[in-house]
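Trainee: Before I ask anything, let me first share the structure, which is written out below as structure tokens.
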Ligand code: KIV
Ligand code: ZN
């Protein structure tokens, strides 16, 4: 019988370690809901001891999403205070799991901890024993396992299993492993572990420093690993982690070879990938396996001819299997509520109330007026925008109570003498108007906005990308601004990229104001 491989998603922990990918509470909850729809077995929701914000979001995810069979975990170093923080943040989940990490390689033991091998092993054993007094399920990660001396690695595993660890995770922390060698390592560990205690789950966690994370993960599965740790779009430290969508689809495609399967609902892959890209502002490379824009696009005449004769000639994965669907109804401003509601529900709109739907429908009408034809990817991004404004209370109406800035109107003139911008903003009951010149239209626009708010921010990064296709595509502007030595990331979308630019800066400035209030 085909083996079931457990999938732990660590987009919210390892993935969130990517600079600029920090998500707020509402974004993390939205992603956790989507990971549940994707049917991952375990969500690693964060690193509880790292900040109060991370602790709160793990707690919220454990309460809101941690029901049913899904496990919720969070990371702890092998110290009591970290383990306590994990316990407090996940205890309300129905199936909580404490995840402890401690290095086993010489460089970690000697250089990072400045301890002896025995002392570090004892720290790990004590940590597991303590965690077991709090919860039945404990995962132990032997950090930098692929560069560790084998017998010491095994002795550590043996000791922590005897102390009560129920999952052993073998990380290739720095992406040093190669598939044949890593597969062999997992095979040897699996053999010894099954003899020691066949209830303990053997897991792997691979990094992509030389582009081998997917290959190493698959080699581990072939050699007996029961669980894999991945992220959506391969996000993660440095070059990232094994991409969930790649490992899962390779296993599905070659299920006879691996004689193993996951329970991932693959039809949710594309939606999850787009959500992660949209929330983090990190684009997916066009030729990315499984989820890139070109992953199912065939351009050469020979290929198109072959496909028309039989899709199997050049297609091994059906786009529908990962949720890439063809839009059969193209919406226009004349499409009624019924057609729009159908399209929105198909893309995951969760109905809240008639008022909520009407607000969304009005946004659709505005977009349809601007674009003439609205495709599924437009509806998708409309939903994203709507969900985030719903999650933060809608900066439109709640902005007044919270004293946040709102865009009323703007005019930007681009020329090579005096690029000029005039802007009108509202804050509570007050309105402000101001004009400024700049080195270019965006500089003029940003100077005018900054002058009104009086906030001294430094623009570190400004990026425009097209979020859908066609000449009236939705443009997404992502910015990074620095204020009081802290970096804030903000985004906005609109068919008018100048307006999206203004909204992105206003969102960033509002984030600074909100942080000061809280
Ligand atoms: O890469 C790593 O070693 C980790 C561990 C915490 C599993 O992320
Ligand atoms: Zn990692």
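For all residues, glycine too, the Cβ spot is worked out from N, Cα and C.
What TrEMBL says about a protein is an automatic prediction, not a curated fact.
Annotations per TrEMBL:
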type	residues	note
DOMAIN	5-270	domain 'Pyruvate carboxyltransferase'
BINDING	14, 205, 207, 241	Mn(2+) binding site
REGION	406-518	region 'Regulatory domain'
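Help me see these features in their spatial surroundings.
Mentor: Counting only same-chain residues six or more apart in sequence, the Cβ atoms lying under 8 angstroms from the Cβ of residue 14 (Mn(2+) binding site) belong to 44, 205, 229, 231, 235, 236, 237, 241.
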Trainee: Tell me the coarse DSSP state (helix, strand, coil) of residue 14 (Mn(2+) binding site).
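Mentor: Looking at the DSSP assignment, residue 14 (Mn(2+) binding site) belongs to neither helix nor strand, so coil.
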Trainee: Are there any residues in the same chain, six or more apart in sequence, whose C-beta is under 8 angstroms from the C-beta of residue 207 (Mn(2+) binding site), and if so which?
Mentor: 171, 172, 173, 174, 175, 213, 236, 237, 238, 239, 240, 241, 242
Trainee: Looking at the binding-site residues 205, 241, which sits with the largest number of other Cβ atoms within 10 Å of its Cβ?
Mentor: 241
Trainee: Using the Cβ centroid of 14, 205, 207, 241 as the reference point for the Mn(2+) site, which residues of the same chain not in that list have Cβ within 8 Å?
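Mentor: Not counting the recorded site residues, we get 10, 171, 173, 206, 208, 213, 229, 230, 231, 236, 237, 240, 242.
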